[in-house]
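A short write-up of the structure that comes next.
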Amino acid sequence: MAYNYNNGHDNNTNNRAPFNHPAQQYPQAHAPPSPIAPTPQRQHTIPSPSPIHSNNNYASSPQGYSHNHDYNNYNQHIITTPTTPQPQQYLTSPTTLSPVSPAINRNPYEYTSPPTTTTSLHEYPPNRNDRNDTYPPRGGVLNSQNRDSYPLDDLNDYYEDSDADDGYNRGQGINRSAENDSFYNGNRYDDLTYPPDAYPTSSDSNNGITNTPTSTYSQERSTSDVKGKGRSDVADTESEIESVSDHTRNRRESNEFDVYGGNLRGRDDSNRYSICTSQDSLMHGLDINQKKPHYYSPSQYSYNGENSSTGSGRNTPQYGLEYPHLPPGSQRSKEPYPAWRSDDHQIPCSKEEIEEIFIDLTNKFGFQKDSMRNMYDHLMVMLDSRASRMLPAQALLTLHADYIGGENANYRKWYFASQMDVDDAFHNSTRGVPQPRGQNLDDVRAGEEIWKEKMNSMSQYDRVRQLALYLLLWGEAAQVRFTAECLCFIFKLADDYYRSSDCKAKVQPLPEGEYLRNVVTPLYRFIREQGYEVIGGTFVKREKDHADTIGYDDINQLFWYPESIDRIVLQDHTRLMALPPSQRYLNLGHVEWDRAFEKTYKEKRTWLHLAVNFTRIWIIHVVSFWYYTAYAAPFLYMDIEKNFQPAVRWSVVALGGAVATLFMIFGCICEFFFIPLKGTNITGLTKRLTMLLIVLIINTAPTYYIVKISKKDSTALMISLGQLAISLITTLTFSILPSSKIFGGPSSTARTSLPRQTFTASYPPLGSKDRAMSIALWTCVFGCKLIESYFFLSLSFRDPLKAMHGMRVLNCGDQIAGTLLCSYMPVMAIVIMFFMDLVLFFLDTYLWYIIWNTIFSVIHAFQLGMSIWTPWKDIFSMLPKRVYAKVLATGDIENNHKPKTFISQVWNAIVISMYREHLLSIDNVQKLLYRQTTEQDGKHLKAPDFFLSPNSSNDKYFPPLSEAERRFSFFAQSLTTEIPEPLPIPNMPTFTVLTPHYSEKILLSLREIIREEDRNTRVTLLEYLKQLHPVEWDNFVKDTKIVAEEHSMYPMAPGLGKESEKDIKNKKLDDLPFYSVGFKSSAPEFTLRTRIWASLRSQTLYRTISGFMNYSKALKLLYRVENPNIVTNYASNPEKLERELSSMARRKFKFLITMQRYNKFNKEEQENADFLLRAYPDLQIAYLEEEQVDDEKKIFSVLIDGHCEFLPDGKRKPKYRIQLPGNPILGDGKSDNQNHAIIFYRGEYLQLVDANQDNYLEECLKIRNVLGEFEHSNMPTTSPYSPAAEPLNKNPVAIVGAREYIFSENYGVLGDVAAGKEQTFGTLTQRIMAVIGGKLHYGHPDFLNAIFMTTRGGISKAQKGLHLNEDIYAGMNAFCRGGRIKHTEYYQCGKGRDLGFGSILHFTTKIGTGMGEQMLSREYYYIGTQLPLDRFLTFYYAHPGFHVNNIFIALSVQLFMVGMLFIGALASTLLLCNYNPDPTAPLSPPGCYNFIPVFDWIKRSIISIFIVFFIAFLPLFLQELTEKGFIRSLTRLGKHFMSLSPFFEVFTTQIYANAIMTNLSFGGARYIATGRGFATARIPFSILYSRFAGPSIYFGMRTLLILLFVSMTMWIPHLMYFWVSVIALCISPFLFNPHQFSFSDFIIDYREFLRWMSRGNSKTHANSWIAYCRVSRTMTTGYKRKRLGHPSEKEIGDVPKPSFAVIFVSEILWPFLTASLCVIAFMFVKSFDPKTPNSPNKGTSSLIRVGAIAVGPIFLNAAMLAGLFLIVCIGSVFDSEKFEKFGSYTAAIAHTWSVITFIGAFEAFWYIESWNLSHAVLGMIAVSAIQRFIFKVLITMFLSREFKHDETNLAWWTGKWSGRTLGNSSFIQPLREFICKIVEMGLFATDFILGHVLLFMLAPFILIPGMDMIHSTMLFWLRPSKQIRAPIFSIRERTRRQRIVWTYGLIFLCMVGIFAGLIAGPIIYGSNVKRINVPI
């Protein structure tokens, strides 16, 4: 192989190839470049397509050498194997086009001047504010004579030409390590030589290109390009598609634009975009040795001669380079905003004028200079974005309409809702008489017409000024941005002040920061003081719950109503609104905000919210259940055999109306607790309550008449039927109508209802088809539910009711209870069964909802075309045509090229991007690329066989079941759907991707990759990734070997000659390091490749950034493909072509990372972040910076990017540095982090992305289609302010959701389960929810209408705790305010999910507690009480209904177990009847009790619960069936079941239920960092036990005891389901723990468990049982005020102590009821004489027996504690340093005693019960319930708040109470600690025994040979051959482990023997033990 090296730089630009070979020039979509220079590349043979141009100028090597070796000795073209990809290098097109004349106007904002008859749009009115200059004439341009005097006469002079250099800016002060220096100082990449025929072309004789005359751009496309909503498929044949581009497009004259005037067709000036430098690759910018760095000058705006005090500078390169060879019309250099050029006669205001407006406002209001520059750029980018697709005047007008004056502008809505129009009319009135504020809506409509006239007559200058003022106010508003209407109020006052004579008279500018100090800071401080207080100079979270905290929503609602605005007073008690409008703004700094704000909705922590918000749910279900039961079981209320009365039956059934009314009354009463009791609220609720009482009387009075007066006559029957009709009407009315619209609701015509209607009930209406689908869905759901429930639940429940209704137990009694139990035991069982059946009635609905929702969604997917069942020909063979028709803007592509030419460029780019990501091998690429072939009739483009071979296997095209196959399949399927037509790249709107970052991993380090995480990890991360991605690793290694060989560091690869077997063997050994760690040299350029490969397959920020930077590549590719004339114009200068493409991409796309901690990063994080900025210089990072000024700490919001120059201290010089009023992180973090950075976004739309997501080039190509979903692509035909303007028919689109692919789905069972949940909810559910109006915002990766969202409170909410799920509140806010929310099926992003059991459950807990907070929120109140029924049901079952269903599942298990406990107690003592299939046969034996119907009901109930649970797998199965086929869906479901995922689902359900119930009772919602790593480490048993004991294990063990008793007394096979479910609740944490069944690790785990139980009593230990116990009880007791310097349990310390009412219900009342039921069951069993079963018990009451056994151990433990306390107090006197573990020994004695007393009590009780195991188990159930109740009472009633330190525990066991910093509590603390220790002794015994029971349950599995391998296969889905290896230990460590295993293995065996003996001994020998008569 011949090498021709040229180590110098590319000095001969004429020899540089503008279009490199795809494998060489196309970078990997995600990875940065390999830091090697120069790097020769190994070539491989591949039949390669040819370029259009084949001259030598396009084949020279930028790297300076060429490869010309023919491996296979035949003429084939060569494809080079890539080095590590270059992230910034543009994916160049595989096709080069020859020069053509511009065929289309690429500058749509260039329009001809409007006719001179058009008035006032390009002139300022004579009376404009403070502007007395002469303005240019119509059609003229501004010059020095006819324009204002600006601080900068020519702004363009200050933008530096960046043509000289395209490198990175580098500072001199940054310090780098030697390792990094060797990386950064490498030479530049140069281009490689590749063959002249490497790119496809069309089949024309002249390369498929003909010169055509220049055509004029048409703003509107031909209607033939569009079908319906989106773009239709094109012709079925290739010839037809080629003819599409050959025909002449129809052009239409655009419609007359009202107000604007003029023709919308523009001049034919092409390519008039200015461009800037680009950064091709990381190495280009990091070449600090070879090239002088180029610095972009900061912005040089003039601020009255003063620079900004923050010292920031503008460093991002501006658009602007001159290209003399371009046509004159394209020479637009130095233009930062190409669509808004100062020399364009069409623009209403020049950049200079707009800049002057900003400077003027800054001087008048005291804004910060950097904020002014930031907002100026913000507005200009917005104008540029809009002016690129419409007239500049239209752009300004529509932007002003969206922000200020349009029909959908939030400011306009607020203006009329708050009656500001009345205030303005009053102050503008000459009469000076206040106008009444109670007008109706007709007056509002009249005011709206006046408003429209005012807006229509407003000058363009004033429109710009209002926009600038609003943005400047918004830009520094900080936390006030969350309060949209507060910001509107401030804007109104500021606008009034600016237009006043007072403002005009001021000459001296206000100091910088005046607005921040006087307006924003007071509001910020009020907000901060609601949540924090200063203690010891530090801000500490207040212990206030939401009901006592005035939050953002309360503050905002002050400005909704004129009455509340009038409450705003100044410090001198003057009302603010009493001042003249011109004086109000200046007095905002004197407002007493503490007196103005109050709670507008009380988020009290109570379950009563469910009664108010979901009243209709309870009515529908409970009343239906009443109807069914009352009709089916008339024997409950009358003797049907002797005296059946139809009138009574119908009357009782009709009482369902009264039940519905009672629910309404209860909801109405509860509503009084949550809303302010004043004014209209009290009036409305009182009126509603009165009317409801009347309705209740109407529904119940007939029943009184029928039952008490007349029962049998015909009048009674008629009355009962009439009552039934009234009942049905009542029920339907209360079920259908929202409660706010029933009796006393606000009048729809009263103006006082306008604020509530505007801000809480402006729900976007559904279209007729969508509404029909919504109604059809719920008709199907409730139709099936009501039919099935009647026959399966109600009728089946009739027989057990009838059997037990008349049952009376005879011959039983108790000394205390007497015969009471005999009479009411069956009745209590019936009541429990009744509630159980009612819960199943609720669960039934959710079952049918899942079924029908899935069916509707699947049908809709087929309608959209998103189905694998579509034939291959319809998906893949039509793919090229669909790419041309739907991805490309075909209406604007020049028509002289064949479609295949353009398609090949896009397709080859996609293929090469996957090759760069190592998803495809070279062989795959050969078969997938378009290639150029030469035939007799000329050169032709040959499509890959992939499109032409529907019957061939895909294996030859890409690896089977690989990521490449998935991406190709989705891309092909997605284009079968109907999608919006794309705009040309220059016309598309600008958008920003926003990603919050806190501490997520940026880039994996080499240590993290190749070393185990800890001693519990059996595999390195790299090894695990290699097992997960074997094909990709193999491709990566091959690439790396070639890079190393061509770097001349290692011998060349074999293949040049024949090698011996020995050489091959040596070569394999030599290559071992490559296959092991990916490199053979430790040089950073090689280790970096491995780091990047691993990072791109983990959940890192680097993966997110590199993925979403594909937008830039996609925009460049599309811009180039659709504009072949650009390629022609720059054919001789590829660098300028790249800069032109980069300029367009930078103009349309921004990526903003909100790195909150950037300024506090450690060295590694800082290096990684700096690497990101160097690799992606256009990446922007917003972060917080603190600065100490005297005694004040100032906080700034700072923006930097990769172009920012370095300062001497090594930091980058900020672009903007804006001071904040204080620390912006007042909430849970994420929303505040987004809010401080939101001011730096640019464009019209936002995409919100998390730091663990990914994106792909082929998906990024569809970005224009996605943005088209916002329906802003078409230019308006009339001015929104024109009198002729039609009212808007559709609400604005606020949010566009997208699919997510969970790329962690193949990382084992848990990853796949999490992925399946996300897949079903994020795709299948959202697909139908968007259609029927139930979709909300769920954060990632949704697209947001930036103006709509930022003017309505932002993209999330931020009150701490309440808004834990911050993103969903933004969706509810948008929904309530009229924003439509859509969903896209054709676009998806990658997303990572939690992979470990603990992290998944943490995420589940966060979601559950977040839902608990949502149920407290006002948004749920508004939606639940105002939405129409069908949309309310959609909202309920898609959001809170899921969690309520989980609660019902948990409740059904508890009710079922208690019911079974009672039935088991009855069955174990009574004589049961034999089964007889003849229902008329007499019962036998005589005197038996008929429980056969009860047993049948139990079986049906278990089946119901089983179906409800397993129906959860249906959506995933059908989703997989739809998109991947039957085999794949069945395989995935089978893998789930074989991996025991049902166990995990049971456990997850319990965690969900526990999380929401705990939160509603105690609060504590907080953000939980779940962790996104790979779950390969074994977690110790003690940690898992402490983490899940409270939520699940305790409940599971209590249920297990009941199930054991039931199984012993009434076994039926159906109970096996409950056995499996209950065991899952207990052992799931351990079952899904990696390597849980490794023998040695299991024994070592047991040792750690014993140590965990015993440590922490001599010195504080965070990981100990005592610490866990203390933290558990603080949920009830709360903490004492936070002690500075004790950071332990920080999060829990922030949780306020719940109210006593909540504690009483959850901690006293509920345990008391549970204990009472258990005791009643035991007493009933013991109410019979044990010697004569048919006679009552004459002995001691069983209540005394169970009470003594329960209380006895507690008293014994107390006695032991008292004795030990005296001993340790005496012993502490003699204690010395030699007895460090004195406390541990003391505690060990006490804890051992507690275990002995616990076991002894059980054995004694068993003995007293004559060794009857079932009675003993039932008794222990009662005993444990009693003890639990006693402990709850002791904790609740007798324990004060907990200290945040562990000093009292140490003092108790050591006896040293002095010096413990207990303060005033020193004297009473021993008594408190005594009570604590009594509780702890009982809990210790329980945990000790439960821990051993769990270990005993798990122990048998470790004895199975190969169990660890089987278990790992189940968890990780890795074949045994690829199984994770066993850990390798040193000899010393191995010896130590063996000693531990032997020692503690024997201890464990001893414990097994002891426990087995305690159980088996009495069973075997108990009958031989003589029984002593015991008094109890």
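Each residue, glycine too, has its Cβ placed from N, Cα and C.
Unlike curated records, TrEMBL annotations are generated automatically.
The annotation compositional bias 'Low complexity' is assigned in TrEMBL to 1-15 (among others).
TrEMBL lists 1-272 (among others) with the feature region 'Disordered'.
The compositional bias 'Polar residues' annotation in TrEMBL covers 40-79 (among others).
Among the features that TrEMBL reports, compositional bias 'Low complexity' is placed at 80-96 (among others).
If you look up TrEMBL, you'll see 154-166 marked as compositional bias 'Acidic residues'.
What TrEMBL lists as compositional bias 'Polar residues' is 172-185 (among others).
If you look up TrEMBL, you'll see 200-221 (among others) marked as compositional bias 'Polar residues'.
The compositional bias 'Basic and acidic residues' feature in TrEMBL is assigned to 222-234 (among others).
Under the heading compositional bias 'Basic and acidic residues', TrEMBL lists 244-255 (among others).
Here TrEMBL flags 291-344 (among others) as region 'Disordered'.
Under the heading compositional bias 'Polar residues', TrEMBL lists 297-318 (among others).
Remark: secondary structure over the domain '1,3-beta-glucan synthase component FKS1-like' (461-573) totals 71 helix, 10 strand, 32 coil, with classes taken from DSSP. TrEMBL lists 461-573 with the feature domain '1,3-beta-glucan synthase component FKS1-like'.
Annotation source TrEMBL lists transmembrane segment at 689-707 (among others). Beyond its flanks by at least six residues, the transmembrane segment (689-707) meets 647-648, 651-652, 654-655, 657-658, 661-662, 664-665, 668-669, 716, 719-720, 722-723, 726-727, 730, 742-744 of its own chain at Cβ-Cβ distances under 8 Å.
Using a Cβ-Cβ cut-off under 8 Å and counting only residues 6 or more beyond its ends in the same chain, the transmembrane segment (716-737) has close neighbours at 615-616, 619-620, 623, 646-651, 653-658, 660-661, 663-664, 695, 698-699, 702-703, 705-706, 710, 1428-1429. The transmembrane segment annotation in TrEMBL covers 716-737 (among others).
The feature transmembrane segment is assigned by TrEMBL to 816-843 (among others).
Per TrEMBL, the feature transmembrane segment maps to 849-872 (among others).
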Folded-back contacts onto the transmembrane segment (1700-1724), same chain, C-beta under 8 angstroms, at least six residues removed: 605-606, 812, 814, 817, 821, 825, 828, 1458, 1461-1462, 1464-1466, 1469, 1561-1562, 1676, 1741-1743, 1746, 1818-1819, 1821-1822, 1825-1826, 1828-1829, 1832-1833, 1835-1836
When counting Cβ pairs under 8 Å to the transmembrane segment (1497-1518), the leader among 816-843, 1744-1770, 1782-1808: 816-843
Interface check, the transmembrane segment (1782-1808) with the transmembrane segment (1940-1965), three or more C-beta pairs under 8 A: yes
Distant-in-sequence neighbours of the transmembrane segment (816-843), which means Cβ under 8 A and at least six residues beyond its ends: 621-622, 624-625, 789, 793-794, 797, 800-801, 804-805, 807-810, 1445, 1448-1449, 1451-1452, 1455-1456, 1458-1459, 1462-1463, 1465-1466, 1494, 1497, 1501, 1504-1505, 1508, 1717, 1720, 1723-1724, 1727, 1736, 1741, 1743-1744
Sequence-remote partners of the transmembrane segment (1874-1895) [C-beta within less than 8 Å, at least six residues beyond its ends]: 1581, 1585, 1589, 1593-1594, 1597, 1626-1627, 1630, 1646, 1649, 1653, 1665-1666, 1669, 1673, 1753-1754, 1757-1758, 1760-1762, 1765, 1790-1791, 1793-1795, 1797-1799, 1827, 1831, 1834-1835, 1838-1839, 1848-1849, 1852, 1948, 1951, 1955
Average pLDDT across the domain '1,3-beta-glucan synthase component FKS1-like' (461-573), rounded to a whole number: 93
